[in-house]
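**Q** First, the structure itself, so that you have it in front of you.
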């Protein structure tokens, strides 16, 4: 069995996860690519990402005295087919100091397909100075399912409060579930031109347009500033797997650009190739 990764396991890199689920790829695929260069190795990592589902997890700490926690918080998502295993919520996208009173922290959780989301388990390790935590709710947005689910809690996870539990199993509130058209993964390959000053460190975004006026949201291709510095160099080819709204079989046009700013924002774009990745691998 071959399990390529080609991604960071680091709080300050990529999506901030320090544990990854990997699925095997075909042996012939690995051997074919091992004869080529690093770009092909990166493609193996993208194959993994294409088989994964990305969840956006928002966690609301209650607005009560001493509601915040310094302990290490973890979560497990349970679906109809599988579960994610224990995922540490390390890198909040919204707050440097996470799980503070009255604040909402946002995390990215990536997993192989676990099916319809049924319940979650969330807790902490009770380590640190201020460990007790009042959890208001958890919201999980699952683009590949086309669902945003709310998991209300409104209880302490504290050895000296409530029932003394520091982890809880929580179920979604059906009336608070939002349904939308499921997202699909697109493989987006960006070719930067081979002319002087062609590269950019700016935040590059894309929008896809299908027929009948359907379009996706505007989506940044890089997850952080470090990736912006790494990608879109002169004469480079960069490939991304991005989950977006399904615009159908025909992409009529795209809108691609950047948000300016920084020292080297000007960009000379050669071309873009896009492939819609369907469940059967097409």
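The backbone N, Cα and C atoms fix where each Cβ goes, and this holds for glycine too.
Those TrEMBL annotations? Automatic predictions, nothing curated.
What TrEMBL records for this protein is below:
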- 1-23: domain 'PLAT' (DOMAIN)
- 53-171: domain 'PLAT' (DOMAIN)
- 184-282: domain 'PLAT' (DOMAIN)
**Q** Give the residue counts of the domain 'PLAT' (53-171) per reduced DSSP state, in the order helix, strand, coil.
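**A** Once the DSSP states are binned, the domain 'PLAT' (53-171) shows 0 helix, 61 strand, 58 coil.
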**Q** What are the DSSP helix/strand/coil residue counts across the domain 'PLAT' (184-282)?
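**A** Tallying H, G and I as helix, E and B as strand, the rest coil: 9 helix, 44 strand, 46 coil.
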**Q** Would you mind splitting the domain 'PLAT' (1-23) into helix, strand and coil residue counts from DSSP?
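**A** For that range the per-state counts are 0 helix, 1 strand, 22 coil.
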**Q** Quick one: average pLDDT across the domain 'PLAT' (53-171), no decimals.
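**A** Reported value for the domain 'PLAT' (53-171) is a mean pLDDT of 92.
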